[in-house]
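Going by TrEMBL, these are the annotated features:
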- 1-23: signal peptide (SIGNAL)
- 233-257: transmembrane segment (TRANSMEM)
- 263-283: transmembrane segment (TRANSMEM)
- 322-345: transmembrane segment (TRANSMEM)
- 357-379: transmembrane segment (TRANSMEM)
- 400-417: transmembrane segment (TRANSMEM)
- 423-448: transmembrane segment (TRANSMEM)
- 455-479: transmembrane segment (TRANSMEM)
- 485-505: transmembrane segment (TRANSMEM)
Amino acid sequence: MFMFSWLVFLSLLINANILLSYSSPVKETPPQQVGLIYDEETRRAREQYYRKHIGGNQSSPMYSYDYHDVTNVTHVVISISKRDLVFFDDYKIKPVMCFINYSSQVPLVLSYDLDSSYSVELVNKSRYWLPPSSETSTNISLYILPKLLGLDYLMFLISVDRPKSGYNTSTSWLTNKSESLRNKYYDDLATHHQLNLSLLNTLEVDDVNENKILAFPVIVTLDRGIGYRVYRIFIMVMLIVFTFVMGCDLELSVILYHFKRPVSISVGFFCQFFFMPLIALCITKIIPIRSEFGFGLLTIACSPGGGNSNGWSFLLGGDINLSMLMTFISNLAALFMMPFLLFVYGRFFIDVTRIEIPYFYVFLQLLQIAIPALVGLGLRIWKPNFAKKFSKLVGPLFKFQIVFFLTVGVYINWSLFRLLGAFPLLVLICALLPWLGFCISSLFAFILRQSFQSIITVALETGIQNIAIAILVLLYVMPKPTGELGAIMPIAVADLTPIPLYIIYSSMLIKRKCCNQQKKSNDIEKSFPTEMSNECINDVMKTENDTSVPQTKVSLTGVTTTVSDTETY
């Protein structure tokens, strides 16, 4: 018991220290990296970039954008392979080849930068001087370092310069954000700076020069290799085995009782699908966060109860039969409740017409709960003694599952956990949802005069969600990497949910340990008295003087005393 508590505490401490190290403030960190919404200018610019990409040729393997001025004197086309702009978050520098075709009667200077350096970082920053030409092609090699899961935009800026004599070919000039180096560039190569066409100076949708925006999406996504697939398979097998073992501990009479009087089931259903979405919506409106994070929090709030609620009901003294029944009913109801709730509340974050529910996977999750539990219940009815042996494995299996998630699970999903260090505000938001769910649902069940076991079960079923369904919905609804960014919310909620439960269970273990030691001490004192009471001694002496009663010699505390055979002391 205590070994389990120490392992859980040590895992939480290590993970917290690593997250704190990632969340330490860094010089020149943009304000939006704490998880707040973008500033208005950046938000409008990114919306326009997104519309431009959606309006392009989605089947083409290349991003291709062009710029031309009003007199058609200058025409620049920049093309980059879509595959080259997709990175894994492995901190490995990757080259990106840019293909440039241009025609211009005046010399051009081409430079590039990122709209933010949150997800990726440019290793080489250069300016390229392009001499006047009727039709010329050239290539530019960029080197990009992926850092964190997310999306940044690679911006190309075009300016018209008048070069000094002697520069009649394409020339690369290394640069950075230093004002002194910019001045040196113009002193060495150019005599006059006429125009700066940046993508941020054209934000109006109806602008005739909207094609000035030369912004390419740079996507950093998750590297789901063989380790991740093995982890998912192992988790699925472990959950099936655990659900079967839980089914061996069910009682058919108690399940039928809850069906005949579904008061607790109705209370849990109401708390699950009414309170939780409202809590998520209130949190996202009080604390303004990006739409992908807000929709991720709403999705996990609209999800059914998770399988871990059954294990916690067992550890904390809840009603296991009610817990399994509520988990099954909430997953069954999710087939129609999730689309309805996401349609009602999702309009605050995204276009609800794009919402698609993966019904097949939801149904698969339902079977994953129902079939092993029914097999375990059937074994309980057919071979109760055999099923009783399996039911003893509920506690050890669930404790192993918790430690496994806090160690191997954190390692496999480390890319998402590093995001919590970059967005520290999300830790508070993800903790508020389940913890408020625990408090509000238990208070609601208490007001309706439910039993103590039912209150515990309703609170656990409300606060512990099915993260697998939430992640699948986010990946279906939102494109990469927006869906993966939203998926950090269910994972963070799942890891922060059990913290108060760990504390409560550890307190129960400590209390149980202290009570057992006190009881053992009292039993020892009762078993080995050091002296006899005066009343007992008087009774013994009285019996010894009575010769009419058969007597026997016994020894108590080292003193030989005669007592009656017909009396019991």
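Heads up, the Cβ atoms here are built off N, Cα and C, so glycines get one too.
Worth saying up front: this structure is predicted, and the values here are computed from it rather than measured.
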- Message: Using Cβ distances below 8 Å and needing 3 or more such pairs, separated by at least 6 in sequence, tell me whether the transmembrane segment (400-417) contacts the transmembrane segment (455-479).
- Response: no
- Relative to the transmembrane segment (357-379), which of 233-257, 322-345, 455-479, 485-505 accounts for the most Cβ pairs at distances under 8 Å? 233-257
- Query: For the transmembrane segment (263-283) against the transmembrane segment (233-257), do we get 3 or more Cβ-Cβ pairs below 8 Å once near-sequence pairs (under 6 apart) are dropped?
  - Reply: no
- Query: Do any residues of this chain, six or more beyond the ends of the transmembrane segment (423-448), have a C-beta under 8 angstroms from a C-beta of it, and if so which?
  - Reply: 19, 23, 33-36, 263-264, 267-268, 270-271, 275-276, 279-280, 283-284, 287, 289, 293, 297, 300-301, 454-456, 458-465, 488-489, 492-493, 496-497, 499-500
- Same-chain residue ranges lying at least 6 outside the transmembrane segment (322-345) that approach it to Cβ under 8 Å: 246-247, 250, 254-255, 258-259, 264-265, 268-269, 272-273, 277, 280-281, 298-299, 302-307, 309-310, 313, 352, 355, 357, 359, 362-363, 365-366, 369-370, 373, 453-454, 457-458, 460-461, 466, 469, 473
